[in-house]
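These notes are about the structure you will find just below.
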Amino acid sequence: QVNFVVCQLFALLAAIWFRTYLHSSKTSPFIRHVVATLLGLYLALFCFGWYALHFVIQSGISYYIMIIIGVENMHKYCFVFALGYLTVCQITRVYIFDYGQYSADFSGPMMIITQKITSLAFEIHDGMFRKNEDLTPSQRCLAVRRMPSLLEYLSYNCNFMGILAGPLCSYKDYITFIEGRSYQLQQSEANGKEDTKYEQTDPSPNIAVAQKLLICGLSLLFHMTITKTLPVEYNIDDNFRATASWPVRFFYLYVSLMAARPKYYFAWTLADAINNAAGFGFRGYDKNGVTHWDLISNLRIQQIEFSTSFKMFLDNWNIQTALWLKRVCYERATFSPTIQTFILSAIWHGVYPGYYLTFLTGVLMTLAARAIRNNIRHYFVESPAVKLCYDIITWMATQLAISYTVVPFVLLSVKPSFTFYSSCYFCLHIASILVLLVFPLKRTQKGSKKHESVQPVWSKKLEEENLLQKNSYSTTNNSFSQKQEITCRYQALKQ
């Protein structure tokens, strides 16, 4: 963990140097690719030792598969190989070397690299094999129209900005950043006619980086002072379960899981700040010309802590992973997309049994929350005062349900997880089943909006996130015109 933090702080300084002295206006994309890759591999070697070779092996074999298989089927082979290689590494680390070690490990960066390998394989398949009319709007914006070189591929997978903690980014966005293409935004009137056009080639990330570093500092301070005093394991302490009342137990459940989140806030926000410091992560300008540096942000803390629905919480937690699951699995599934997506998410996270218990519980919670929202929410939105009361109640219920669901994710093993659930008499599991029996899910929009029947992360907001987080400014040699992508991005900013 110390190595991880030290390496990330070094990466932050390297990012500032990279943007200052290796700016795209001063050096070639080739040099930027080489330096970004070598720095990334050096950090990986320093942090994980020779285990870092797994990153190169996984990327190298995946690239070889892409070359020899061809664009028609390479996405399938890359998907199976990358996920399989990750799973083998997770199994050996967990069950052979060190079970229960919840610190930084080499399989963590491999999870991000696996996302990048599979995402790019599907994007190349979309751009070089599938017909344009068969693609969704997001797939058209993300489609890659030429095969990347080996250097570009390694740079995308192993660059120093994202090799340790990500986050995932689209290949086209990364290439746009490396090649230093100017960001343009066309503002349009409601009738579709162009009103203004302006270009700013080098927006400063300094304010965004400073704000995110402040969040990192506060999150780390909270983790070092508060988290240690509120261990999640205390929820299954025999004396606590025997003596504490139900309200006290549920309150401690909430605060202990809330206290467990700042370490994720710290790691993901620092990773975002590193990318921004290098000049990467710029999403665009709004209609007032204000810059937004959240293109690859992985969480929205305020929305997480004040979420009033299960879906809202997960929509704002680990955002890039949710988008990856949607891109490579949910929208491409030929049957049971919900089941397939949950299975992929569980496999990708690792081989601890607690992960699977969390995802199985999450299915019930998701469906129950959606059933309640669809059937009763409209009765409480007319009056502001009534809606406020409804929001407070749903906030409390959401925080409790999230905490209840993710306990196995933290405890990892089967026995302590079942100890916790049995001590609660599986109350929320039973309540969710009863809700589904009383309030069946609506199926009227199944044909046109299949997202409605999935888990919360990939529900209604998918199309919005689709445009907001994934559409790329960049173009490749045979890509769509830059104007089309600018329009796509501008529509996202308007949302």
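Using N, Cα and C of the backbone, Cβ positions are placed for all residues, glycine too.
Because TrEMBL annotations are produced automatically, they should be read as predictions rather than curated entries.
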Range annotated as transmembrane segment in TrEMBL, from 244-265, 420-441: 420-441
Per TrEMBL record, range annotated transmembrane segment [choices 1-23, 392-414]: 392-414
Among 34-57, 77-96, 354-372, 420-441, stretch most in contact with the transmembrane segment (392-414) (C-beta, under 8 angstroms): 354-372
Positions whose Cβ lies under 8 angstroms from the transmembrane segment (354-372), at least six residues beyond its ends: 309-311, 338, 342, 345-346, 398, 401, 404-414, 417, 428-429, 431-433, 435-436, 439-441, 455-456, 459
